[in-house]
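Pulled from Swiss-Prot:
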ACT_SITE  ASP118  active site, proton donor/acceptor
ACT_SITE  TYR225  active site, proton donor/acceptor
BINDING   GLY26, ASN27, SER43, GLY44, SER72, SER73  substrate binding site
BINDING   ASP74, HIS93, HIS95, HIS167  Zn(2+) binding site
Amino acid sequence: MQKLKQQVFDANMDLPRYGLVTFTWGNVSAIDRERGLVVIKPSGVAYETMKVDDMVVVDMDGKVVEGRYRPSSDTATHLALYQRYPSLGGVVHTHSTHATAWAQAGMAIPALGTTHADYFFGDIPCTRALSEEEVQGEYELNTGKVIIETLGEVEPLHTPGIVVYQHGPFAWGKDAHDAVHNAVVMEEVAKMAWIARGINPALNPIDDYLMNKHFMRKHGPNAYYGQK
């Protein structure tokens, strides 16, 4: 597990590097599906002092199997996503400013241009509000459930992120690095959408044919963007 712990540590350290977190407001995890184990950031440990061996290993029930700290308080959300979506290898949660602003507004991040379409096939959805019972019950698990409910039958790697109503963004990917990459992009397109809507409040979404072209040239069966 040491290699995966290093990957998760590096991915967590990318959060302050890319300006996605303040203090300890964020966490990254990754899964070893063969072993059924997840590596995740410890709860409340400052990035400035965090080390590789501080990463916590949990099983799919959230039981700690390795590590001296408690795992992230959002662990149950991460586990719910891994259990529902076999294609996910990494999950990240932040409170990055612009993506969180859309979450607090209770609005999806609209697909307005090609930067968005290069990564997200359509709007980045916003979940419904959790009920008082859901919050007072198994809050973090119910957060995972409302994400799953909102995504429905969408392929999660085609919509690799979401904003949870009045909470903040979650993103995911093939591995921890990919999840952080998508979280960075989500914050950037959230900022772009906010600026663009300020310039032109009547702005229309990106045309479907342009969105399809940009997404499929990177992610479709005949993708040709980048190097093989």
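Every residue, even glycine, has its Cβ placed from backbone N, Cα and C.
Among the recorded positions HIS93, HIS95, ASP118, the residue whose Cα lies closest in space to that of SER73 (substrate binding site) is HIS93. With a 10 A radius on its CB, ASN27 (substrate binding site) counts 25 other CB atoms from all the protein chains. Compute the center of the Cβ atoms of ASP74, HIS93, HIS95, HIS167, which mark the site for Zn(2+); besides them, the chain residues with Cβ within 8 Å of that center are TRP25, GLY26, ASN27, THR77, THR94, VAL164, GLY168, PRO169, PHE170. Residues GLY26, ASN27, SER43, GLY44, SER72, SER73 are recorded as binding substrate; their most distant pair of Cα atoms lies 10 Å apart. Within 8 A of the CB centroid of the substrate site residues GLY26, ASN27, SER43, GLY44, SER72, SER73, the other residues of that chain are THR24, ILE40, LYS41, PRO42, VAL45, PRO71, ASP74.
Taking ASP74, HIS95, ASP118, HIS167, TYR225 as the recorded positions under consideration, the smallest Cα distance to GLY26 (substrate binding site) is found for HIS95.
Of all the binding-site residues in the list ASN27, GLY44, SER72, ASP74, the shortest Cα-Cα distance to TYR225 (active site, proton donor/acceptor) is found for ASN27. A distance of 25 Å separates the Cα atom of HIS167 (Zn(2+) binding site) from that of ASP118 (active site, proton donor/acceptor).
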